[in-house]
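Database features, via TrEMBL:
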- 6-27: transmembrane segment (TRANSMEM)
- 39-59: transmembrane segment (TRANSMEM)
- 65-84: transmembrane segment (TRANSMEM)
- 91-113: transmembrane segment (TRANSMEM)
- 133-153: transmembrane segment (TRANSMEM)
Amino acid sequence: MNIGLFAFTVAHVALSLVAIVSGLVWLAGLLGRPANVRWTHVFLATTTLTTLTGFLLPFSTITPAVAFGLLSTALLAVALAAYYRYHLAGVWRPVFIVTALFALYLNVFVLVVQSFLKIGPLHLLAPTGSEPPFAAVQAVVLLLFVIAGFQAFRRSRRVIA
């Protein structure tokens, strides 16, 4: 890997980590902590940049990473429209919550995948990514996001009503 690609990859990873942290702060706001609109903007901006910069990394065929990027792009397009164009009015509030939360989940999913690939002790537990420890972690992450999404959606319905 040349130095330019290495630096770009580091920037992409840094963006994704900021996107995940700001997304978790945003999610905490949905679940009852005081919401801060700046965190929402940071989350949306860094998640969008993470997705877009991912397409600039070298690839020669459609991989699961590219498919995730395409799905994330579609989700973010809807989330950005719901937030900035429709200002969360009416149905756009729950649409925003679902699409933005799904985009955050995809980022966390990729974080888990990359952690098992790159962190030695985790890689030893699941060298191919098909072993039970990897599946268990991904199942827990999915369950937590489903629970959080359900709670955030319920709370948003009360806010609208």
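Each Cβ is built from the backbone N, Cα and C atoms, and glycine gets one as well.
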- request: Please give the sequence-distant neighbours of the transmembrane segment (133-153): residues at least 6 beyond its ends with Cβ less than 8 Å from one of its Cβ atoms.
  value: 27, 30-31, 94, 97-98, 101, 104-105, 108-109, 112, 116, 122, 125-126
Task: Grab the same-chain neighbours of the transmembrane segment (39-59) for me: Cβ-Cβ under 8 Å, and only residues 6 or more beyond its ends, written as numbers and ranges.
output: 5, 8-9, 11-12, 15-16, 18-19, 22-23, 25-26, 29, 65-66, 69, 72-73, 76, 79-80, 83, 100, 103-104, 107
Message: Please report, as numbers and ranges, the same-chain residues at least 6 past the borders of the transmembrane segment (6-27) whose CB is under 8 Å from any CB of it.
response: 36, 39-40, 42-43, 46-47, 49-50, 53-54, 56-57, 100-101, 103-104, 107-108, 110-111, 148, 152
